[in-house]
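The feature transmembrane segment is assigned by TrEMBL to 26-47, 53-72, 93-117, 129-146, 158-176, 229-250, 271-295, 311-333, 354-374, 386-405, 506-528, 540-561.
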Amino acid sequence: MEQAAGCPAVGGSYPQKNAEILSSQYGINLFLAGLLLTFAWAVHAVGISKSHLLSYLITLMLIQLLWMLWYLCRSCTQRRLIQDKDTHAGARWLKCGITLFAVITLILDSFKIGYYIDFSNCLSPTEGIFPVTHAVHTILQVYFLWCHAKDVIQSFKTLERFGVIHSVFTNLLLWTNGVLTESKHQLNEHKERLITLGFGNISIVLDDHAPQCNCTTTTLCSIFSQGIYYLYPFNIEYHILASTMLYVLWKNIGRKVEHHQQNKTPFKFHGITVGMIFGLIVLTSTIAIVVVYLIQIGGSKIKSELALTMFYLHAIFVLALMCTAGIVALLIYRLEERSLDNSKNPARKLDAELLVGTAAGSWLLSWGSILAIICAQGHPKYTWYNLPYSVLVIIEKYIQNLFIIESIHREQEKVNDDIKTLRIVTISRGTTLPLTPLYKEIYNGRAAGDNGDIPCLFKGSICGRENDGAGVTKGEASQDNSLVMHSASDFSSCSRNSVTNNKRRILKNIAAFLFLCNLSLWIPPAFGCRPEYDNGLEEIVFGFEPWIIVVNLAMPFSIFYRMHSAASLFEVNCKT
């Protein structure tokens, strides 16, 4: 009887699993077709133009728009029904981040529309339709993620799986298109810089996709064309964030959610002053280094070498500080005895996989640079700084990944219920007084008074005698003694809480410092400060074309790693 009753449940899981497999295969084929089309346009394949690629992307966005509208309408009709929610997915700070990137993406789309208007005589109509469609797609998608990122879909599961996975790979293709367009622009600038560094043996053939006609208003065209490439890093981050949030939504379809209350963990500036100050110093200095680098690189051979040397020295110092901070945090974790939360959580699992997976991009570049330094016959002085820089990049990500992954898997500290309900018995009258304010002071590690006196709770009989004068009987004295012993144990508990709070304060400062450092290290490659391009040594050892292919494949993952690490460290700071 038990087996017969269990059969339908087991059999019912097969359609759901098949739908998951079929939808994932649909998404992969959708992505591969778009990826091949993108590659064909990049290498100027015969019969493939940019209009073909944009037409494919427009079609995918329109299909996603139809699905999102259908889902929103269906949700409105069922809004009275109680729906399961994944409290770990779609955090508010993540939604705020994607909204910021989306706003800048809309500015990028407006620049593209203006660029198309100025060059409308020689551009395909798809180049004007694409930014308009993309703007509408961005607005609706951000609204969709704000309202439904936490949904655990339990109806129309097969259809919803195809709709969500279509959205995931549509965003990945838009991300790929943005990465390729931005990389081609960076590559053209890089080829010109190599000439100034004296690498004349490398063939320089610029890849030009510029319109073959004159602009109607030269000034506006210059603003639009230059502004577009400075805004692309934000567009790239927007699409990769959207695809990860949608992927979590896809993984949650049909999932059975454990109903338990999730503690809110708001971000507070209190107690992280030191980490914020040092992090802001790193951020400010990094921005200054990037500005000087972009001005000096390519000006002359001496200026270019000085710019590279300056970049490497600054990066070595910052990475060394980050390694030290990460090691201190891990040592604190080793001193604590706290269990790990091993419950199934798609959002947390994806975070850990993305950290390790995207770190492989910069590890590949670092090992390439190390091998080039070892194998090269001639070494300009500035290239030697590349060796400690590459080694530190590898070590720092090892340490940081371990710190973040352990932090997001650690269970939040729970306060002892005995301490929460602690009450004091007054000796003179035998009444009980709640100690809610005093408990808060104990838990936060603060003394009751500004002068550092021990609270009344820990004075035991002293408080009683002060309140009752000399009229203390022997029975009351025995109660007094027992209260003193109980207070001694409470005092030791308070001391442990004080130590714990000090550890938490150190960890929060480290998380805040690493958060700002990762934002700082995201800025240089995102805005064109890429010594992997400008060093020149790797191109001589591996060959220009092979090394450029490696850099173009690995750099987007390296850039995303820094932004994703910053987001994860923000969450760590809130949870600590």
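Including glycine, each Cβ sits where the backbone N, Cα and C put it.
Because TrEMBL annotations are produced automatically, they should be read as predictions rather than curated entries.
What you see is a predicted model, and the numbers here were worked out from it, not measured in a lab.
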Inset, instruction - Examine the transmembrane segment (354-374) against the transmembrane segment (540-561) and state whether at least 3 Cβ pairs sit under 8 A, considering only residue pairs 6 or more apart. - result: yes
Legend entry - Close approaches to the transmembrane segment (229-250) from elsewhere in its chain (Cβ under 8 angstroms; 6 or more beyond its ends): 23, 86, 89-90, 94, 97-98, 101-102, 104-105, 107-108, 111, 138, 141, 145, 148-149, 151, 153, 161, 164-165, 167-169, 171-172, 174-175, 178-179, 181-182, 185, 346-347, 350, 354, 526-527, 556, 559-560, 563
Legend entry - Other parts of the chain folded back onto the transmembrane segment (271-295), taken as Cβ under 8 Å at six or more residues beyond its ends: 307, 310-311, 314, 318, 321, 505, 508-517, 519-521, 523-524, 527-529, 573
Legend entry - Surrounding residues of the transmembrane segment (506-528) on its own chain - C-beta under 8 Å, 6+ positions past either end: 186, 189, 230, 233, 271-276, 278-280, 282-283, 286-287, 289-290, 293-294, 311, 315, 318, 321-322, 325-326, 328-329, 332, 400, 403, 407, 555, 558-559, 562-563, 565-566, 569-570, 572-573, 576
Inset, instruction - Would you kindly list the residues that approach the transmembrane segment (26-47) from elsewhere in its chain, counting only those six or more residues past its ends and only Cβ-Cβ distances under 8 Å? - result: 53, 56-57, 60, 162, 165-166, 168-170, 172-173, 176-177, 180, 184
Inset, instruction - For the transmembrane segment (386-405), could you work out the same-chain residues 6 or more beyond its ends whose Cβ comes under 8 Å from its Cβ atoms? - result: 312, 315-316, 319-320, 322-323, 326-327, 329-330, 333, 351-352, 355-356, 359, 362-363, 365-367, 369-370, 373, 514, 531, 535, 537, 561, 565, 568-569, 572
